[in-house]
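Worksheet: the structure to be examined is printed underneath.
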Amino acid sequence: MTSFFEEETTLFADLILPVPIPSLFTYRVPREMSELIKVGARVIVQFGKKRVITAVIANIHTNPPLKYQAKYILELLDEQPIVTARQLELFKWVAEYYLCNIGEVLNVALPAGLKITSQSRIQLNPEFDYEELLTEQEKLILEEIKKHQTLSYEEVERLIAKSNITSVIKSLVGKRAIILFEEVKERYKPKVVRKVRLGASFMDNDALVKLTSSLDKVPKQQEIVLRYLSHVPVYNNPELNQKGLDKSFFSQDDKISNASLNSLIKKGVFEQFEIFVSRFEDVPLKDGAVITLTESQKEASAQIHDLFAEKEVVLLHGITGSGKTEVYIELIKQALQSGTQVLFLLPEIALTTQIVVRLRKVFGDVMGIYHSKFSDNERVEVWKGILDGKFQFVVGVRSAIFLPFNNLGLIIVDEEHETSYKQHEPAPRYNARDVAVIMSYMHKGKVLLGSATPSLESYYHAKNGRYGLVEMTQRFGNAALPAFELIDIKKEKKQRKMKNEFSSVLLENLEHNLKNKEQTILFQNRRGYSPYLQCEECHWISECANCDVSLTYHMRVGELRCHYCGHKEEVPRTCPNCGSTKVKTMGYGTEKIEDEINLMFPQARVQRMDLDTTRAKNAYQQIIQEFEDGGIDILVGTQMVSKGLDFDNVSMVGIFDADRIIHFPEFRASERAFQMLTQVSGRAGRRAEKPGKVLIQTANPAQKLLERIITNDYTGMYEAEIAEREKFNYPPFTRLIKVTVKHTDEPVSNKAAKILAEKLTAELGASRVLGPQPPLVERVRNQFLFDILIKLEREKINFKAVKSFIQEKVIDVLTDKTLKSIQVVIDVDCL
Ligand code: ADP
Ligand code: ZN
Ligand code: ZN
């Protein structure tokens, strides 16, 4: 050994492990890795006794940890970082701000396909067909997989005794013999096409002639070569050979055996190669008319552009159908031309459809799509595509904020008021809209928030000059906003004109629309057939055994279901309490409306769109497509029908139960109701030639909020609400932190919450701490919940210090022996 090696210092790496643990872990870097290792690369390490997990390198240094003996890193997975320096900075910020661990952020950020853990299982790659590449040990593993279909990491470990399991698995993955997948997740379907082409030495015509005649003795092989040549006429155009022919082309033909083809490959007559095909080719690249911006769109995009010179964030407040998407497209083009990356965030549900098709038309292959209904592997493809520079532009849901951008010039957050930008479970409980703003600071980029019904927070910032504000007040093509009609159901009930949930006015209009072959959307923000069953004799109500909430009756599947914990039961034939047969459905959801329409208008084509009908991967898209193509007359749905959809032929929207939405017991109820009802109404009359109508059924037509909705008076709503918020110290004047205490024992949960609230109040003052109080649903999954709400003024308060104070107090409570089994969830900027 030379002195050079002896003097070389040992390197250590601080790693982020994707687990809920507060700190980084230091591991020792094996000498042979020290040249290759980089911050942001993934490594595999042992964690705990048995587990092997993927971690990401956060720092590299020469200081051994003081408190423990550092273990060696087992494997380095990437030669180039897959997490950028900017991302690490962002993850750290998110962990600090939302009071969670950076490992939890990493866990949400990294697609499962980039993680190998001991929970991973392996399966055979169905397309693997060269066993000769494998070592004896690897063959052994493959034999086992064939026997059992899949194997867990531990099972592999047992099989190969002393060897290094991760390197064996890595080798098998490298040879594409096996596929890793997360146990509960969809399995990997590699989108690789295997191909063959002629070996280079046969690429002149003489060699080809020689080859074919030399194969006279092996006619099967000769046949293959001739088939190849007839499909890829390389003698005319040698370039064609580059692209080769799909291997599957030969396997479809029973006259051709795989063995013959393989012999030709062994001889070097053919060479095998693989190409990766993008999964995004599934989104059709339709072409359409070239769009020129209208004057008001041009003006809006110019205003936004100018405002970006002085503001980090601009809010585009444009009424439904004003053509905001085209304005976004213009700005995305400009940003891409200037060489920066662009991220376009959309709420979960809006993403699978129309808007993606519109964007792909314009941006084609530079656009990546990031969506939770995509498989892990599709997500990995986007992740890597951004790192490689393939995707300069990504349209995605909230978690797309964690993708590996390094030069993000513009983030657009469409429908910025949507609550689905906020993650509830698990931590980090982040709001992607707010993280976008921080991220743009880091990238020195800009954020455009867009909505027809902005959140009070964003509009407040815009009014106060913190954000720029641009307004679009006309619908595209001079289409008018729909005409509204409020239907007094109290009156109709008195006059006995109602038919179940339907007012006579609604029914007349429905009939009229059907006759005119125009489409209708019916909105009821509640799924299932009816929210509960009730016994007429003893007033028993169907309730969940695990939660304090009624069980919803789902008629189609004949079940009672809990919408909180997923518990299911059969429908009782008689009252479980008194045995009476008079058990009635109470209230109504989308399923009941659909059912009643089917009875009253048997000729109408009805479709329902809610969580229950859209669980399958493409179901949502299919319904939208069918509605667009005119295959559906009446679409019944929950708020899912309102999300950014753009239909030509919808001339009527009917809204049930508006009062329930307006009077939801929550301080944001008016804002939410305004947003929801305006958005769903906005689906009507989007074409100038087909004016729209919105019918709202209510027991109280005189409500101020309804007047504001039907006159599209956002400002009126805003001013009334903001005054209330100011008076009672609610956002945007304060930031809210909700601390929820959970325990299966009600008194324990209650006691812990009380003690915690006292400790918080002692320091923060009674005006800043509300509760503890049980939330609307007091028990979920058998745990009793208590909420403490902390309101902190935006100014003059050291938010960071208060947050660590809250954390300290939580730890204090947890150190009490009788309370240590409680669970505490802290939700910063709760919604
Ligand atoms: P918003 O998102 O503001 O509700 P959209 O962007 O969906 O509105 O636009 C409403 C409709 O008007 C869409 O069908 C869109 O294709 C059409 N549209 C908007 N701008 C133009 C334009 N400049 N040229 C042609 N069609 C347009
Ligand atoms: Zn009963
Ligand atoms: Zn339940």
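Just so it is clear, glycine is given a Cβ too, placed from its N, Cα and C backbone atoms.
Of all ranges given (500-527, 556-583), TrEMBL attaches the label coiled coil to 500-527.
For the coiled coil (500-527), the residues of the chain that approach it from at least six positions outside its boundaries are 485, 487, 489, 492, 552, 563, 587-593, 596-597, 600-601, 603-604, 610-612, 627, 630, 632-639, 641-642, 647, 649-657, 660-661, 676, 680, 683-684, 690, 693, 695, 697, judged by C-beta separation under 8 angstroms.
The 10 Å shell around the Cβ of CYS538 (Zn(2+) 1 binding site) contains 14 further Cβ atoms across the protein chains shown. With a cut-off of 6 Å between Cβ and the nearest atom of ligand 3, the binding-site residues CYS538, CYS544, CYS547, CYS565, CYS578 reduce to CYS544, CYS547, CYS565. Between the C-alpha atoms of CYS575 (Zn(2+) 1 binding site) and CYS547 (Zn(2+) 2 binding site), the distance comes to 20 Å. Just so you know, the Cβ of CYS562 (Zn(2+) 2 binding site) picks up 21 other Cβ atoms within 10 Å once every protein chain is counted. Residues from the binding-site residues list (CYS538, CYS544, CYS565) with a C-beta closer than 6 Å to any atom of ligand 2: CYS538. When the binding-site residues CYS535, CYS538, CYS578 are compared by Cα distance to CYS565 (Zn(2+) 2 binding site), the shortest distance belongs to CYS535.
Cβ neighbour density within 10 Å is lowest for CYS578 among the binding-site residues CYS544, CYS547, CYS565, CYS575, CYS578.
Report note: the Zn(2+) 1 site is defined by CYS535, CYS538, CYS575, CYS578, and the residues of the same chain whose CB lies within 8 Å of the CB centroid of those residues, excluding them, are GLU536, GLU537, HIS539, TRP540, PRO576, ASN577, GLY579, SER580, LYS582, VAL583. Within 10 Å of the Cβ of CYS535 (Zn(2+) 1 binding site) there are 21 other Cβ atoms, across all protein chains.
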